[in-house]
Amino acid sequence: MKHALILPILLPLFTGGLLLVLHQLSLTVKRAISMLACWALLPIAIWLVLLAGDGELRTYALGGWQAPFGIVLVLDRLAALMLLVNAFLAAFALLYACRGDDEQGPNFHTLFQFQLLGINGAFLTGDLFNLFVFFEILLIASYALLLHGNSARQVSAGMHYVVLNLLGSSFFLIGISMLYGLTGTLNMADLAVRVGNADAGRAPLIAAAGFLLLVVFGLKAAMVPLHLWLPKAYATAPASVAALFAIMTKVGIYAILRVFTLIFGSTAGAVANLLDGWLWPLALVTLAIGILGVLAARELRQMLAQLVIVSVGTLLAGIALGSVQGLSAALYYLIHSTMVAGGLFLLADLIVRQRGNEGGRLVLAAALRQPLLLGSLFFFGAISVIGLPPFSGFLGKLMLLRAVEPGYSALALWSIVLIGGLGMVVAMSRAGSLLFWRAAYDPKDESIHAPKSDGLRLLACIALLSCSLLLVILAKPLQTYIQATAAQLLDLAPYRQIVGGGNA
Amino acid sequence: MEAVFAITLGIMAASGVYLLLRARIFPVVMGLTLLSYAVNLFIFAMGRLGTGVPAVIGKSTEYGDPLPQALVLTAIVIGFAMTAFVLVLALRGLGELRTDHVDGQERRK
């Protein structure tokens, strides 16, 4: 069916609109509608992954206007994979939210659906300006979701996030319009052709536009030095929103991957492989700073936010390698880090709920109500996120370390990743022992009477964390798919044929 | 005309950046607004500057590029919504945090 491509955009759009119109309905009905739409994205995404699995590029010309004159959606393996990751994460984040997070303010479900609309659209679009529009949709929904719950801390963290992203949008527009002024097109595939054919005199300007786009996507992806907004924002967001935000940095990573392999990739003439020599040091610095942040964090959710930065650094390192091995390591790590980060944010909320006044601060507090259950989950998540065997983090890091060619770059990456791993072990075990072991058991203490964790909340958290195990069990077929994805990304000829009829 | 246009954009963008760095909510919002004006004019200019060229094909021998004008419209609408959101957020911040510093607290002396 040829309209399948637009379903992941239309479904959240109409659900969001419907929920907005029917806002006076009871919360139960709204939850049911929202859950139904969100879980329906899963089979659609699986279907699209199967469709894309044959390696053909599918395009969908909106309104029947063919590329490069109209806006097209493009489905390749990467887009389908990202849609599936997003659908899976969102399904369980929403399940968690339905147990209370959505009561803290009006229109939570509408915003959640619009957030999904923006994310899915950004993954599917084949047009640079359309990418900007979907970025804005996901951003404005994320502003409101971030401030959901209305505490003063959220307002101050939200201010940084909003102002920085508005500035980023301005940069994005400058970059896009420069590219348009120089090449006369906004379709990514067409841009790839025209940038490749541009005369050398225009190369510096095109390169400038490319680097402006890197700044924008780097800001979204929380690449050092544009990462400062992230820890505060993620640490103050409601748990389900923070879990969904685990994919927001990956939207930036996706955009870097898309734009800099397609438009500024190997066929870009004078600006070919624009990021060579830039992305690699940035990735390593991001990794190192992230690890220092993990060690320095004094609050549980701040620490998890710093772990997100570490994962961004790891992903960028894989992309910077530029080879099929490097890209497939990055993609595997992307799935792993999104799921585990989402699961850990949910787990942190479950822990904080049983800690009374101390909340997430890493100080001595009374014992938890369910130390064994939450402790084992934390142990499981920590091992996975640090990258110790036998979980998916280990496989991802191993793939990355094997992808790098021997030499100085290998020396740098191996030492940062391995020493960083040690740093994360120290930080996580310090946090874990403080949270679960060093607490004094005092029967008169009120936190013993804290309510037990809600069953569905636990289910959502466990489902996301157990993805780590699933990724290991399914490593073989996944690896095949991901390597095909990376190979497809680097083979630009089919993309360039999208323009001018192609297989539209 | 190009020089005047470029200088105007430069002054607007520079003022916008200066105001952004003031780190007080109201100047920051004004800075963002100025910057987005500059960006909108920049997008417009990327369709090439000219006088007396209609954006409709067939009315005259030369015609202006209609696409940047459509992009500017989209950018204006989005920028407008975002500015409105920042203003509401700023008012909330002022009410809850009792300060107009963007960090949510006054700098320690």
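From the backbone N, Cα and C atoms, a Cβ is placed for every residue, glycine too.
Those TrEMBL annotations? Automatic predictions, nothing curated.
The domain 'NADH:quinone oxidoreductase/Mrp antiporter transmembrane' annotation in TrEMBL covers A:126-416.
What TrEMBL lists as transmembrane segment is A:6-25 (among others).
The transmembrane segment feature in TrEMBL is assigned to A:32-51 (among others).
Sequence-distant contacts of the transmembrane segment (A:131-149) (same chain, at least 6 residues past either end, Cβ-Cβ under 8 Å): 101, 104-105, 107-108, 111-112, 114-115, 117-119, 121-122, 125, 155, 157-158, 161-162, 165, 169, 172-173, 176, 220, 233, 236-238, 241, 244-245, 248, 251, 255. Taken from TrEMBL, the feature transmembrane segment covers A:131-149 (among others).
Sequence-distant neighbours of the transmembrane segment (A:161-183) (same chain, 6+ residues past either end, Cβ-Cβ under 8 Å): 128-129, 132, 135-136, 139, 143, 146, 190-191, 194-195, 198, 202, 205-206, 208-210, 212-213, 215-216, 219-220, 226, 229, 233, 263. Annotation comment: TrEMBL describes A:161-183 (among others) as transmembrane segment.
Taken from TrEMBL, the feature transmembrane segment applies to A:203-230 (among others).
The annotation transmembrane segment is assigned in TrEMBL to A:251-272 (among others).
Residues or ranges marked as transmembrane segment in TrEMBL: A:278-297 (among others). Here the transmembrane segment (A:278-297) has Cβ contacts under 8 Å with residues 214, 218, 222-224, 227, 231, 256, 260, 303, 305-317, 319-321, 362, 409, 412-413, 416-417, 420, 423-424, 426-428 of the same chain, all six or more residues outside its ends.
Taken from TrEMBL, the feature transmembrane segment applies to A:304-324 (among others).
What TrEMBL records for A:330-352 (among others) is transmembrane segment.
Under the heading transmembrane segment, TrEMBL lists A:372-391 (among others).
Sequence annotations record features per position, and here TrEMBL assigns transmembrane segment to A:411-437 (among others). Among residues of the same chain six or more beyond the transmembrane segment (A:411-437), those with a C-beta under 8 A of the stretch's C-beta atoms are 284, 287-288, 290-292, 294-295, 297, 300, 303, 307, 310, 314, 317, 351, 355, 362-364, 368, 371, 374-375, 378-379, 382, 385-388, 397, 400-401, 404.
Taken from TrEMBL, the feature transmembrane segment applies to A:458-475 (among others).
Here the transmembrane segment (A:203-230) has Cβ contacts under 8 Å with residues 135, 160-161, 164-165, 168-169, 171-172, 174-176, 178-179, 182-183, 195, 248-253, 255-256, 259-260, 263-264, 269-271, 274-275, 278, 282-283, 285-286, 289-290, 305, 308-309, 312-313, 316 of the same chain, all six or more residues outside its ends. Ranked by number of Cβ pairs under 8 Å to the transmembrane segment (A:330-352), the listed stretches A:6-25, A:372-391, A:458-475 are led by A:458-475.
Residues 88-89, 92-93, 95-96, 243, 332, 335-336, 339-340, 342-344, 346-347, 350, 373, 377, 380-381, 384, 390-393, 395 of the same chain sit 6 or more residues outside the transmembrane segment (A:458-475) yet have a Cβ under 8 Å from a Cβ within it.
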